[in-house]
Amino acid sequence: MPLRLDIQRRLTARSERVKSADLHPTEPWMVLSLYTGTVVVWNHETQAIIKSFELCDLPVRVAKFVARKHWIITGADDMQIRVFNYNTLDRVFMFEAHCDYIRCVAVHPTQPFVLTSSDDMLIKLWDWDRKWTCCQVFEGHAHYVMQVVFNPKDNNQFASASLDRTIKVWQLGSKSPNFTLEGHEKGVNCIDYYNGGDKPYLISGADDHLVKIWDYQNKTCVQTLESHVQNVTCVCFHPELPVILTGSEDGTVRVWHSNTYRLENTLNYGLERVWCICGQSGSNNIALGYDEGSIIIKLGREEPAMSMDSSGKIMWARHSEVQQANLKTLGETEIQDGEKLPLGAKDMGSCEIYPQTIQHSPNGRFVVVCGDGEYIIYTAMALRNKSFGSAQEFVWAHDSSQYATREGNSVVKIFKNFKEKKTFNPDFGADGIFGGFLLGVRSTSGLAFYDWESSSLIRRVEILPKHMFWSDSGELVCIATEESFFVLRYLTERVSAAQESKETLTEDGIEDAFEVLGEVQQVVKTGLWVGDCFIYTSSVNRLNYYVGGEIITIAHLDRTMYLLGYIPKDDRLYLGDKELNIISYSLLLSVLEYETAVMRKDFTTADRVLPTIPVEQRTRVAHFLEKQGFRQQALAVSTDLEHKFELALQLGELGMAHELALEAESEHKWKQLAEVASTKGQFSLAQECLHQAQDYGGLLLLATASGRADMVGKLAEGAEKDGKTNVAFLTYFMQGRTDKCLELLIKTDRLPEAAFLARTYIPSQVSRVVKLWKENMSKVNQKAADALAVPDQYNNLFPGLQQALLAEQYLKETHVGVRPAAEYPLVVSNEDRDVLEESKGFITTGEITEPGEAVGSMNESPAASSEATVMEEPIPIKHEPPADPVPEKIFSFPEEAPLSVFAAKDHVEPNQAQSECRVKRENIMKSETLLIAEELLIQKPCTEAPAKDSEAIQSSPVEGVDLSEEVADQAIASAAEAQPDITASEEETQTADNELISTDLKANSVIASEFAALEETSSPDQLETDAIPLVATATEETPIAKLPIAAEELVSLKPTECSLLDAPSAAGQAFSDPILDSLLDSDEDASAALKPVAVWEDEQEQEEKTAEPPAETEHGSEAGDLPEAESEGSDDPAEANVAEQEAGSEGSQDLAEDLEEAIDHEDLDDLDLDSFELEDIDTSDMNLLGE
């Protein structure tokens, strides 16, 4: 039968003509010397060139690795020997070795010797330890010496091939050859020694196209191989396989059997002439060099012929020699995992065939050796021949008395007690067979299982297996493919039932015969079953076992290893490599038994086995239990604190997790526990865990989510103390302690941010911070520092700073502190506030701190005030029933900003305020007034007033509307007294350039005078009937807050900062935006608002025609004549008309009809509006659109 050899191409490298090739003994490297003078090193695993260097312009005919010195030795046609370090590519040595082309270099396997042969017909011996001294010259050939090679059995002997048609055998130290072999008719090009110890053979190839095998002991030719049609250029005995390889100029590589000398295969890769063949000891790789490149092929399988029985006897084949080792000889020797076992080998004899596989029978009594298309069954004890036959494959059944063989691709024979029992032809062919509980037959279309007794089909599956492993019980089977492996359960009872009933039988067998338990995407090299645990080696050199869907790694292997077996009494697993070295790893049987019992749901057995498992193995068992879903049991079994903590969290055992976290003192564990405790609602535990982990971010989230103001305060101080400035800044900012935020920015040298923070929230500190910024900037760039302006030096560059200072004082005095969460729906967010508007009418109880004055007092008053207010008790909301509309008509100044987050103490709910302000049909007058006021104010700017006069008319935000008539009179009188102050201020306007003033306060002064005039022309009856209690004047005793106004209540009007009252007086009169009643009908609002617009537009056109441009001051401000216009207006007939109108409409309930009568009165045409120009009002800084 032919030798079964799988030939795989591993590398194809195109290049110039390759004169020699050599394989590195340990690295996946191949060195090539090229005819062009280049040396190239390839990595045949990565398929890449890793080193390449030019030697000379002439051909380099030889390059060899010297692994123990990290060298590459080369010989070229320039007669030079060069030695390079292949790691650094440095040239170690170079010398002229011959006086003609150097043909070959041979390295002594143990001594520091190198042999060189040349066209000068000489062979020289060099010693690199003696600085490459030539130790000996061998003369005797009459032509070019083409090749020299050391004898692997006797390193002091070597042979040489020459074109003088002879082969000479030499001895180191002797000048003359030992003997000469003659037989070729033409020059001999190549020779090689047989590596096996059983034959003293030498092979040669010559230009006569022949290959001869010589017995160098008998000095005779034992065989001549004739097949090549051109010169034979290279020959090689394979170092591992019974194979001879020969190459020729005919472009072919022939593979011969070294025992039978039969031609097994011919390889032709189309790369022209073959020049070199190189084998590698311990490997099946072969390197071939051609005219057009090089190729690496792999012959056969690398798995060693090795087997172990259940008692620990290991048998292997070294070439044709069979040896045995017994693990019992180790005795009490301490065994280390992964270490080579010191086993002594016993020679069992020589085998008649070349063993490719060795396999013990299940009971260990017999061993079968397969190879060369034959099998021989020996007794395991004495290696006596029991049976033999021809077969391409041989497999044992689960019963040692049965086995099967495959002959060809269609015939399978089953034997019992060494006699043929049955021969059958599988329906789908037989490309391979597998033994075990069932006979497996692989075909091109899938895998078929047959019963050993009846050879009937059990099941056919569409899978192409590479290996198959059955458990001892026959219940589980692993089918390994090229990419993964499957674990199946064989259901014996269902198969028996189906065979009896024959109802579920199909052409593919019994469908319910197997149950798939799992698929794993790993490639199995070798494997075996121990109980329900499948132990295997993977393609990535890992030793794993699979149980219950879980893969557990036993060890990472440094090379390819092959499983031999498991000895339960030793609790050890044994493996071998291709060099026939045996190693071992510990694997406790108790662990495997426990896991097997759990998989079988046999918890009684599991509880019985558990105490026998060592403590150090408990964690591995706990991980297995966790994977199977038994977390509670895993928590009880595990001894690893990390694992126990994770399990406690998963099971919600927070008490145990807390104890483990205390013991571990790990920040990560505290954070994990805090997260789970928060999920479970155990906030006190979560707080403790966050505190232990110093997780200020988590503490801030917990404090704010739970609404604990005291915790927020403590957190701010702790975070600042521990340097957690981000959390400290955010915490202070949430508390409204902007002074602390500012100091924190200054402390951390974030002066630009501090300056912007001060400008936004604490304007009194701007000068101080900017000076610090300038001082810090001057250390880096003086020019940039000089460009920074300080407010107390350049106040003209900071417009609106006085308003900001007033707003800061306003917020200090009206700041309430912490509000209860129940008030959240009633509080307007800070994004919707306009603090500058809120503070316009505010009268401070103290003095406004200038920016320059606050430099030295930052750390005292602001901090103290905010700290004092931040922790105040929450203020309850007063819920009072709606009161009747107030008959008095009281006016104040506009305050359009909504409520702050920190609202005033005497808070009035919006709904309550609206109900108190509700008056019959009041929305009609409001809408009309808003339209007219918006139009007039956009066209006419307001007159500027000095800041010192505006202080007399400042007011506070509105608190409520239920004020007495006496308070209303007091407000009217105050407004009337403001008129002469405004007149007197006209003369001072020209000299008040440097005084900063709020534009809104100027507008308020105009509004106050106009409201006073309106009060004089209004009748008490009309006030009682049609009064609109828009806002109330606050007394000094009443804290004041501004109520929010809904945008939808303005009947689609754009909000303005002030409006004019639609009273037909000579002077245009302004008033604040009213708080409208949201309960009024929107349609009525719209109709009432749109009705009088056209009339007033005509009046505005008349005013524009008769108006004269106002005089401007030298600073550009317009000088208004408001007091004069008002006094002239009092003598005008229009005032009498207004009085008549008010008298005539006494007791009227319809405000809209009264307004129409006043507007349509014929005396309105006689109004003299020349004395008052709305253009005199400066609205340049007024936010008319509420932006």
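Numbering starts at 1 and runs along the chain as it is shown here.
Just so you know, glycine gets a Cβ as well, placed from its N, Cα and C.
Unlike curated records, TrEMBL annotations are generated automatically.
The feature compositional bias 'Basic and acidic residues' is assigned by TrEMBL to 1103-1118. Among the features that TrEMBL reports, compositional bias 'Acidic residues' is placed at 1121-1134, 1151-1179. Taken from TrEMBL, the feature domain 'COPA/B second beta-propeller' applies to 319-577. Among the features that TrEMBL reports, domain 'COPA/B TPR' is placed at 594-774. Feature annotation from TrEMBL assigns region 'Disordered' to 1089-1187. What TrEMBL records for 95-127, 138-180, 181-224, 225-266 is repeat 'WD'.
Predicted-model confidence for the domain 'COPA/B second beta-propeller' (319-577) is 89, expressed as mean pLDDT. Helix, strand and coil counts under DSSP for the repeat 'WD' (181-224) come to 0 helix, 25 strand, 19 coil. Long-range Cβ contacts of the repeat 'WD' (225-266) within its own chain (Cβ-Cβ under 8 Å, at least 6 residues beyond either end) map to 2-3, 5, 7, 189-195, 201, 203-207, 209-213, 272-284, 286, 288, 290, 299-300, 319-320, 354, 372. Remark: secondary structure over the repeat 'WD' (138-180) totals 0 helix, 22 strand, 21 coil, with classes taken from DSSP. Taken through DSSP, the repeat 'WD' (95-127) splits into 0 helix, 20 strand, 13 coil.
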